[in-house]
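A.B. asks: Take this structure, written in structure tokens, and hold onto it; I'll ask about it next.
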Amino acid sequence: MPESGTRRFQGPDHDGLHPRHHRLSHETTARLLRSMPFWPLAATLAVQTLATMAMYSVPAIAPEVAQDLKVSGALVGYFVAAAYGVGILSALLSPGLVRRHGGVRATQVVLLAAAGMLALAALGKGVIGLALAAVVLGLGYGAAAPASTHLLVPQTPRPVFNLVMSLRQIGVPLGGVLAALILPPLALSVGWRGALLAELGPVLLLIGLMEIPRRRWDHDREPGRRVLGHSLLQPFALLADPRLRRLSLAAFVYAGVALCLVAFMTVQLTTTVGLTLVQAGQILAAYQIAGSISRPIWGWLADRLLTPTQTLAVHGVGMAASTALAGFYGPGWPAWAVLANAVLAGCTAGGYTGVAYADYAALGGVRRTEATGLGTAIMFAGGMALPPLFGLSVTALGGYRISFIVCAAAAAASGVLLALPQRR
């Protein structure tokens, strides 16, 4: 619970603007860092990490799954897209779920969906089992960010709000890295089904542990609140605010461009640049690591030197530069140059979501749960819509250059849009 005497962030000030930036002494900064909500942050970070690990578990062992089921590896790749698609629905429904049952219970629903996905994928029959598993995971996954925001906002000191939100978002790349590092060797040892079942243990354990603080953290739940019905459309009402419309447009583009970079990176580097699969995988890992390390740094900058919106505008410029450079990859490009650009892409395209969710929460004010649900749906939609269009354009044009340049232009335009003076 919040400590007495420490002012906690309750959304934007009464004028609807972001909180002013604090010029703090080292002593004050240290005190604020110590007052961060450690246990809620650790809990929500763990939930996001395990949920994301479940999301990327099947793609991480796709060759083993495809060989066993005698299907194309590309078919297994649709698993993430299907989960994100259903996740849009759960993101829009999550505000009602969170308000009725509480943020802790909503995170348990996220974990229960992850557990159901792992069990269905491991014990189900063939592709049908995988398809059902993706749907079940999506039914809970979209609630992760809104539920976490609902728990963190009331307990977070205002001057470190963006930092806390960015730290929580480390769970996304961390979950992907854990899936990539742990599951392939485990699948070779006990089979891909056994590897998925082994992942069930930590998920079920965390569901139980989250019950411990539920009475204290879910004290604000509204038992009479409806989960279904009009609540599905409530987040869209927030788009009446031009600041949220602008943020949502940028979030849609950023999410789509980021997934275009990730989804096509290894294929482009092996077929166009001529790197080995191992080298391409190392560069992809560098992208993910850069995204993980940069997120709290961006959060700190958004708390200290820039506003969240200005920080996201910087992301757009960096994302545009790295994406445009990727369009010019070709034979003879040195691995170090590709690696450097991947790090730039990771810091921008892979590092924006924490600040974006903080901006949604701040602009949403008392409706922060609906705002983060809207943000999740928008980002999932961008991640679903743009990569398929990108793939079609690469095939039609016979190369990556024009497709990446178009993505770069969209990212740059979004950054400029965010940099323009805001109006309410």
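Glycine too: its Cβ is placed from the backbone N, Cα and C atoms.
Unlike curated records, TrEMBL annotations are generated automatically.
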A.B. asks: Out of 131-150, 191-210, 371-390, let me know the one TrEMBL marks transmembrane segment.
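C.D. replies: Of the candidate stretches, TrEMBL labels 371-390 as transmembrane segment.
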A.B. asks: Report the listed stretch (38-62, 160-184, 371-390) having the maximum count of Cβ pairs within less than 8 Å of the transmembrane segment (247-267).
C.D. replies: 371-390
A.B. asks: Using Cβ atoms and a strict cutoff of less than 8 Å, what residues sit near the transmembrane segment (38-62) while being 6 or more residues removed from its termini?
C.D. replies: 73, 76-77, 79-80, 83, 107, 110-111, 113-114, 117-118, 121, 130, 133, 137, 140-141, 144-145, 147-148, 151-152, 155, 164, 167-172, 174-176, 178-180, 183-184, 187, 192, 195-196, 199, 202-203, 206, 209-210, 213, 217
A.B. asks: Across the domain 'Major facilitator superfamily (MFS) profile' (40-424), what is the average pLDDT of the model, as a whole number?
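C.D. replies: A mean pLDDT of 90 is what the predicted model shows over the domain 'Major facilitator superfamily (MFS) profile' (40-424).
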A.B. asks: Based on Cβ pairs under 8 Å, which of the stretches 74-94, 106-124, 402-420 lies most in contact with the transmembrane segment (371-390)?
C.D. replies: 74-94
A.B. asks: Who are the chain neighbours of the transmembrane segment (74-94) in space, where the CB to CB distance is under 8 Å and they lie at least 6 residues beyond its ends?
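C.D. replies: Same-chain residues near the transmembrane segment (74-94) but 6 or more away: 55-56, 58-59, 62, 65-66, 106, 117, 127, 130-131, 133-135, 137-143, 145-147, 227-228, 231-233, 235, 369, 373-374, 376-377, 380-381, 383-384.
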